[in-house]
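S.K.: One structure, pasted below without further comment.
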Amino acid sequence: MTDVVLDKAPVNDTPPPPSSTLRQPRLPRWAPLGIGALSAALGSGVGLVAGLESRIQWGLIAALLYVVINYTLATLVEGSRQAKDRLATSVVWVCFLAAVVPLVSLIWETVVRGSKVMGVDFLTHSMNGVITLQEGGGAYHALIGTVEQVAIASIIAAPLGLLTAIYLVEYGGGKLAKAVTFFVDVMTGIPSIVAGLFVLAFWILYLGFDYSGFAGAMALAILMLPIVVRSTEEMLKLVPNELREASLALGVPKWLTILRVVLPTAIGGITTGIMLAIARIAGETAPILLLVFGSPSINNNPMEGAQSSLPYYVYEQWKLGNTASFDRAWAAALLLIIFVMVLNLVARAIASWKAPKSGR
Amino acid sequence: MAKRIDISGLSAYYGSHRAIDDISMSVEPRSVTAFIGPSGCGKSTFLRTLNRMHEVTPGGRVEGKVLLDNEDLYGSGVDPVSVRRTIGMVFQRPNPFPTMSIYDNVAAGLRLNGKYKKSDLDGVVEKSLKGANLWNEVKDRLNKPGSGLSGGQQQRLCIARAIAVEPQVLLMDEPCSALDPISTLAIEDLVGELKSQFTIVIVTHNMQQAARVSDRTAFFNLSAVGQPGKLIEIDDTERIFSNPTVQATEDYISGRFG
């Protein structure tokens, strides 16, 4: 009912005075979209005319044009402050696309090529007795290897890293804590092949154990440890000190405060950190190459004998260099991505389930 | 169950910096003692020395004696954990545990200390929430998270949590500074009721609040920024606000500083 009244422009239908400082000419709302389409067309046009083969070059030209046209138009129409705003916005958009396009194309490529041989057979068979030139065979043995090695590495590294982080945040503060932080930082930078060589030298050459999934898992644990420590440390630091004090003031001992108040508050972030660390080590090839040796047949025992793993399997199949093995390599890569993604989804589910709840 | 506190020659330090200097005073049982004074004069630090929370701060250390019914809190062999079970604390900003429901927040002290019977827990939670004047507002949503309550309700939840472990003394560090006048009134009424059971010490910046709720008032001041805070005088609230002995107290209370 008020609509009728409002239709008759209740505020002001005379145009603002020309000297108004509050109103400035603006580009229409569809301008960014229009300029985007225009620069995409121009980029392709320039690319075609100049005979550039790579679509990446077309894209780069279009991106550059997008930023430049946006800035120029805005300068002409809206003035310099708005132009800077548009410049920043357009650069952010271009960077976003530059980050997302390779990611999407990578996943797309892996899905398209990997789904060719992906299936029940691929998931349930090993490469034992398969002539490598032929189709068939699968990655069951590699999947087993990855799952076991990653699980063992996590069982070693996750509690160790968690306890280290708890020490650093809740108890540390002296020289020891500084030293631990320093060495954790150094460990973050260890290349995976060095971790592999260390375990090779110590476990296999010096102590005389055989190649095994466990040896590989130890190297993976070395790689995983600093990531877990770092992420857990950050998460524990985020827990407000007031909560610790509230608990201590209730007469709760410190260890129980950490266990029942601090850790539950940070558990979402800690889980995410551990899962990211797992995702990181699940794709490692170098230590597996040195320590697990690789095997075409199923070996369920990680404590003895050669195993395989998904990244190693991809490497091995790719090296064989024929169509059938390429297909298998892509399928294993897809399997690895799915493995990591499932872990991530589980982590996110746990994080959102355990995260501190608000709301009434 | 309320106990008296006698403090003698107490100084507190942050590292090498002395925050409060040589304080001696008594806190009477079953009464409300208010601490007033300008910011940075060490009221909160002093309060925190009374249940050994000061030493939780890195570098925090204390000299002097705090006698709880003639037992020195800083004596050798005294466990700070049992001190804190005897002397509860409510903080400036409401800090309910975010991972716990309203029920679990109140039960936290008992549960975490493991000294309870499951059958008693419901009763304790109800009694504490009623004691904190919060029961009627939350009785239908005990299993909802405590962080969903309003600021004033959260603070009363924290009070319920503190009194659920049945301490002898309740320390309150500016419990109303983050609350609106209505929630403040609710908490002041609550303090008035709680003093029949507990010894209460309350730090406040609100002069009227000190005048309204307390039986005795202690005025703290510091001679200059960076100097340690000192106890200027402590007396019955009525006298402090009508006829204080020290000129500085009168200046502070009437708003004339320096």
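Heads up, residue numbers simply count up from 1 along the chain you see.
Glycine too: its Cβ is placed from the backbone N, Cα and C atoms.
Automatic, uncurated: that is what TrEMBL annotation is.
Sharing the record's features from TrEMBL:
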DOMAIN    A:143-347  domain 'ABC transmembrane type-1'
REGION    A:1-23  region 'Disordered'
TRANSMEM  A:30-50  transmembrane segment
TRANSMEM  A:56-77  transmembrane segment
TRANSMEM  A:89-108  transmembrane segment
TRANSMEM  A:150-169  transmembrane segment
TRANSMEM  A:181-205  transmembrane segment
TRANSMEM  A:211-229  transmembrane segment
TRANSMEM  A:261-282  transmembrane segment
TRANSMEM  A:329-351  transmembrane segment
S.K.: With the transmembrane segment (A:56-77) as the reference, find which of A:89-108, A:150-169, A:261-282 contributes the most Cβ pairs under 8 Å.
M.R.: A:89-108
S.K.: Sort out the residues at least 6 away from either end of the transmembrane segment (A:211-229), same chain, that have Cβ-Cβ distances under 8 Å to it, and list them.
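M.R.: Distant Cβ neighbours of the transmembrane segment (A:211-229) are 145, 148-154, 156-158, 160-162, 164-165, 168, 184-185, 187-188, 190, 192, 195-196, 198-200, 203-204, 273-274, 276-278, 280-281, 284, 287-288, 290-293, 299, 301-307, 309.
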S.K.: For the transmembrane segment (A:261-282) and the transmembrane segment (A:89-108), does the number of C-beta pairs under 8 Å, pairs 6 or more apart in sequence, reach 3 or more?
M.R.: no
S.K.: Do any residues, 6 or more residues outside the transmembrane segment (A:89-108), come within under 8 Å Cβ-to-Cβ of it, and if so which ones?
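M.R.: Residues packing against the transmembrane segment (A:89-108) from afar: 32, 59, 63, 66-67, 70-71, 337.
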